[in-house]
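Database features, via TrEMBL:
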- SER56, THR57, ARG58, THR59, GLN83, ARG107, HIS134, PRO135, CYS136, GLN137, CYS266, LEU267, ARG294: carbamoyl phosphate binding site (BINDING)
- ASN165, ASP225, SER229, MET230: L-ornithine binding site (BINDING)
- 3-147: domain 'Aspartate/ornithine carbamoyltransferase carbamoyl-P binding' (DOMAIN)
- 153-304: domain 'Aspartate/ornithine carbamoyltransferase Asp/Orn-binding' (DOMAIN)
Amino acid sequence: MNHFLDIHKTDAVELHQIINSAQQMKDARAGRTRGALDDDLPLKDRVVALIFEKPSTRTRISFDVGVRQMGGTTMVLSGTDMQLGHGETIADTARVMSRYVDLIMIRTFDESVLMEMAEYADVPVINGLTDRTHPCQIMADVMTFEEHRGPIKGKKVVWSGDGNNVCSSFLHAAAQFQFDLTFTGPAQLDPEDEFVGLARKAGSKVVIERDAVKALTGADLVVTDTWVSMHDSQSSKERRHNMLRPYQINEELMSHAKPDALFMHCLPAHREEEATSAVMDGPNSVIFDEAENRLHAQKAIMRWCLGV
Ligand code: CP
Ligand code: NVA
């Protein structure tokens, strides 16, 4: 049994195997309807609990559909509907749920909730996003890059904007998949020092560059995310927008990347804020492939967690 808590906590060889398995499962489903079962049904007779303490479109639907395609069943739970929201400890919740379900995916605020769930659950726990990281997203992103451009190893990835939870998981992936990461954004929103250090220690070149044009020059992949995350207070919105405006990904800025550079955004996006529609819908954008690959990557993650 394996938990999938963060990319840097998972063995690099196994991460590559998960991506390969995701691509194989995707290829095997070509031409099928979304609801059609896979040929093999590794989750037959298994129940997966999906807990959401924050909103979600992609994570909720892709996990649910993925489990069904592999022959399992799901229950989607909101934290507030459970006793979790009324003071029952995470540890007790984890022990109880382990008597009912085969796997738990949780999207929560504080990372400590995820870690406590993993510590006390007897079944695998998957991180479906915390305030600090979003590993399933970056597995889909690496898969998407490699599907379009081959190995990501040695490539220049540029993160523009807020050094947030998604950026953190990109730094973890830089360490494990051995690519270089340039962060461009305001100093107040720099990525966590600990994660920058972790990527550097693993041999990735991590550059912090305030000048967005310099940062994007020669990029193989340009990534951005919302300027106000779910865990950020709405009162910080105007201040964040003012700081982040120079880092909007528009056609002019994108023209400094390599001509075949890919553009990614985990979505949901605020069009004309962090990125323009011209870029999001332009020839370099793979945002909807990324969204689709959440499904395939997470199916492979669940199989790895359960060893099936
Ligand atoms: N990218 C992502 O995790 O989207 P949702 O918040 O819709 O799940
Ligand atoms: N950084 C965003 C990602 C959403 C998928 C957030 O945490 O709200």
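Keep in mind that glycine also has a Cβ here, set from the backbone N, Cα and C atoms.
A TrEMBL annotation is a machine prediction, not a hand-curated record.
Computed from a predicted structure; not experimentally measured.
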Problem - Conformational class of GLN83 (carbamoyl phosphate binding site) under the three-state DSSP mapping - result: helix
Completion exercise
Near CYS266 (carbamoyl phosphate binding site) (Cα-Cα within 10 Å), the binding-site residues in question, chosen from ASN165, ASP225, SER229, MET230, are ASP225
Problem - Other residues, Cβ within 8 Å of ASN165, ASP225, SER229, MET230 Cβ centroid (L-ornithine site) - result: LEU129, ASP131, HIS134, ASP162, ASN164, VAL166, THR226, HIS231, ASP232
Problem - Residue pair ARG58 (carbamoyl phosphate binding site), SER229 (L-ornithine binding site) - Cα distance, angstrom, rounded - result: 15
Problem - Separation of alpha carbons, HIS134 (carbamoyl phosphate binding site) and SER229 (L-ornithine binding site) (Å) - result: 12
Completion exercise
Lowest 10 Å Cβ neighbour count of the binding-site residues SER56, GLN83 is held by GLN83
Problem - Counts by DSSP class (helix H/G/I, strand E/B, coil) across the domain 'Aspartate/ornithine carbamoyltransferase carbamoyl-P binding' (3-147) - result: 70 helix, 21 strand, 54 coil
